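Here is the structure we will look at, set down as structure tokens.
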Amino acid sequence: MGIVERIKEIEAEMARTQKNKATEYHLGQLKAKIAKLRTQLLEPPKGSSGGGDGFEVTKYGHGRVALIGFPSVGKSTLLTMLTGTHSEAASYEFTTLTCIPGVIHYNDTKIQLLDLPGIIEGASEGKGRGRQVIAVAKSSDLVLMVLDASKSEGHRQILTKELEAVGLRLNKRPPQIYFKKKKTGGISFNTTTPLTRIDEKLCYQILHEYKIHNAEVLFREDATVDDFIDVVEGNRKYIKCVYVYNKIDVVGIDDVDRLARQPNSIVISCNLKLNLDRLLARMWDEMGLVRVYSKPQSQQPDFDEPFVLSADRGGCTVEDFCNQVHRTLVKDMKYALVWGTSARHYPQHCGLFHHLEDEDVVQIVKKKVREEGGRGRFKSHSNAPARIADREKKAPLKQ
């Protein structure tokens, strides 16, 4: 029996099992088994060379956005309109057969937009080219799920289920659970909050399913069984997703209003070029990019080429800014002068851990360099004669 058949068999058993207090431990073990099998399903087959016709393209710019959706929902047309890159579009399905990259120039930044082939139901099980598409989505900073407004409800549920099956968690944050494997000592279980959806016995059974007998577990929130399994697996990707409802020109105004009010959603029409500017603004807000302008000493700030930081990738502190400028700037910095939204007054003297906001201006003041062998004194650039104390002392005269 293959992995896919075993997964379907366990899912059928879960569907037959009634959910109550007596069966919750059994259902928790079944969920752990399915998670293990899905992880095995994503692993490359043994003996393979690792090559093949992949979709991965080199990362470019300050962020990456992936277009995911069913075939013929307008992904290629949207890429062409936002980036100017030609992607073949037609009225029939599976027009796009490979990954087509484009670049969006927005707010002095460059954002890479990827047009991925349409995925079908069962993509997480290897149908079509779903695995390759989802692998590229995992490397993105934001997912735009493009949906047909006339049949969006069913498509949205199917796509979300396929992405969840391969470890993508859309619009969720990592659970506040500390988990660490140990070599000895057994399982240490602690919690800082009352648990209502999982207990210590169920955690032991899940860890036993993974053949883990020595570990530290600490719950900092009232998490679920699925949250704990995600932490044990350790390969989940938490990514933001915006649901883009295209082709709103073919549905009624009531349907458009209903779709626009759903969370994390935006309505557009590529045919009428409607609401594309708001889509770009929404992408910018979701990615959380922060532009920081550098100011050399005694010079005007450079507003042409900003340094782009991100809270999701690295951070937005003065230390992160220094690392982008040069890797040795952190140890050479004495303090930073900051102008902008994050500063209380202009300029504000800040340290390495000061959090920067969008369009801040930063000037780095370096430490003075000490002269070699000069007893800790600073280098002097003047032509003044050396002090008497600095001159080489002569040996005393012999009596």
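Every residue, even glycine, has its Cβ placed from backbone N, Cα and C.
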Which range is region 'Disordered' per Swiss-Prot? Of 148-175, 372-399, it is 372-399
Structural state of I248 (GTP binding site), classified by DSSP into three states: helix
Averaged pLDDT score, the domain 'TGS' (288-366): 93
